[in-house]
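Below is one structure, written out as structure tokens; the observations come after it.
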């Protein structure tokens with residue numbers, strides 16, 4: 001009877017129902033992997049593996065360019081971005097392109113240019129992927145010794161890690177240069193309702209930047225998600241970029257320490273598991289960031305955060321009832337607490353009613369009305385500006401609630417039908433991606449550790465039920 005798994009590999013292999021199937025001249029017998037195992041068949045064919053990765057990058061960039069142009073074609077300047085189902089243009093607007101005071105979109109040409117540039121670069125990547133997959137050398141180091149690598153070569157792997165870190169550091173500095181020198185970025189906190197500005201006074205104090213990492217993730221502390229001014233965000237990118245670049249140089253110049261050589265598994269599947277674990281952490285962090293943070297993700301483009309929409313509702317009705325003669329400082333609600341205003345656990349004046357749970361919200365349209373002890377009653381009576389009323393009424397009716405199938409918004413709000421917040425989409429998608437990547441991390445880590453320990457050789461095929469079944473035709 002044939003051996004249906006490769007004795008050369010210590011890795012679990014699924015059985016093909018039809019063992020005669022051969023794809024691209026590589027069948028399960030010769031490679032140890034079934035046709036659907038994709039890049040696993042290319043583990044030792046560095047040229048073809050390069051082609052697969054370059055082609056994959058081309059697909060990603062093609063999607064970005066095509067989706068970008070699709071959003072430009074459908075964009076209407078008379079409605080806010082978050083009402084139009086856009087997920088890419090808000091990112092470009094946040095970078096300061098095409099935006100005027102108050103977050104108004106005044107020019108869509110930069111968005112068109114972005115889409116075209118991505119399409120052109122995707123064509124270059126696509127050509128490179130096809131070339132390396134079909135025409136280039138199967139094993140690239142036979143032609144270019146510089147690119148020789150073996151998965152178990154710890155020194156070469158850390159050199160590759162170093163190169164990746166340097167590229168990530170350069171990416172972080174691209175945002176820094178955009179904010180400092182190339183037109184600035186959109187600041188939702190700019191006076192009068194937000195504007196594009198250059199960042200001139202970076203926060204570089206390590207106690208502030210790394211203080212975010214040491215904060216509690218709970219309540220008003222909010223870990224790194226609590227960052228609420230662009231000086232801190234851009235300064236943080238200076239730190240991250242510098243650490244990545246210097247760390248990359250260090251990894252290129254050094255060899256792994258003995259403890260690292262012992263503690264880590266050095267195989268292709270292990271590196272895959274480490275990468276998936278890191279991406280999982282990124283996904284969960286991005287989920288929290290886009291859901292709660294209205295500085296890095298301005299509400300003008302992404303819609304209000306949940307707490308922001310709730311506080312906006314309380315503010316809108318306070319404005320209305322105050323105009324009708326209500327004394328908002330004294331009126332009691334059905335609970336005996338203040339109907340419009342009450343005190344937080346720390347004694348600050350906050351909005352009353354159900355929105356009290358969001359008392360530590362900070363938002364650009366609300367902060368001018370605060371004094372040293374929370375909301376200032378005098379300012380609420382005399383200083384509310386029309387733009388604050390308009391914005392809160394808009395945010396009240398566009399809460400990031402509901403399902404992802406275009407019946408979101410506040411259930412009782414007739415104007416919110418067929419509205420789904422990009423915040424809901426981005427937070428949900430990144431949570432799901434973070435979860436699945438974490439499962440993938442556990443799966444591949446378990447396989448890699450088992451292979452390293454030498455006991456993972458797949459299922460005993462002699463008694464596998466499928467062998468007694470009729471082959472699929």
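Placement of Cβ uses the backbone N, Cα and C atoms for every residue, glycine included.
Residues annotated as N-acetylthreonine in Swiss-Prot, with sequence analysis given as evidence: 15. The phosphothreonine annotation in Swiss-Prot covers 15 and is backed by sequence analysis. What Swiss-Prot lists as transmembrane segment is 69-93, 134-155, 178-200, 255-275, 291-312, 447-471, and the listing cites sequence analysis. Here Swiss-Prot flags 367 as [CaMn4O5] cluster binding site.
The stretch in 69-93, 134-155, 178-200, 255-275 that contributes the largest number of Cβ pairs under 8 Å to the transmembrane segment (291-312) is 69-93. A sphere of 10 angstroms centred on the C-beta of residue 367 ([CaMn4O5] cluster binding site) encloses 11 other C-beta atoms.
A Cβ distance under 8 Å defines the sequence-distant neighbours of the transmembrane segment (134-155), meaning residues of its chain 6+ beyond its ends; these are 43-48, 50-51, 255-256, 261, 266-268, 271. For the transmembrane segment (178-200), the list of distant contacts is 93-97, 99-103, 228-231, 234, 294-295, 298-301, 364-365, 367, 387, 391: same-chain residues at least six beyond its ends, Cβ to Cβ under 8 Å. Listed by sequence, the residues of this chain that lie at least six past the ends of the transmembrane segment (69-93) yet keep a Cβ under 8 A from its Cβ atoms are 99, 103-105, 108, 110-112, 114-116, 119, 186, 297-303, 394, 398, 419-423, 425-426.
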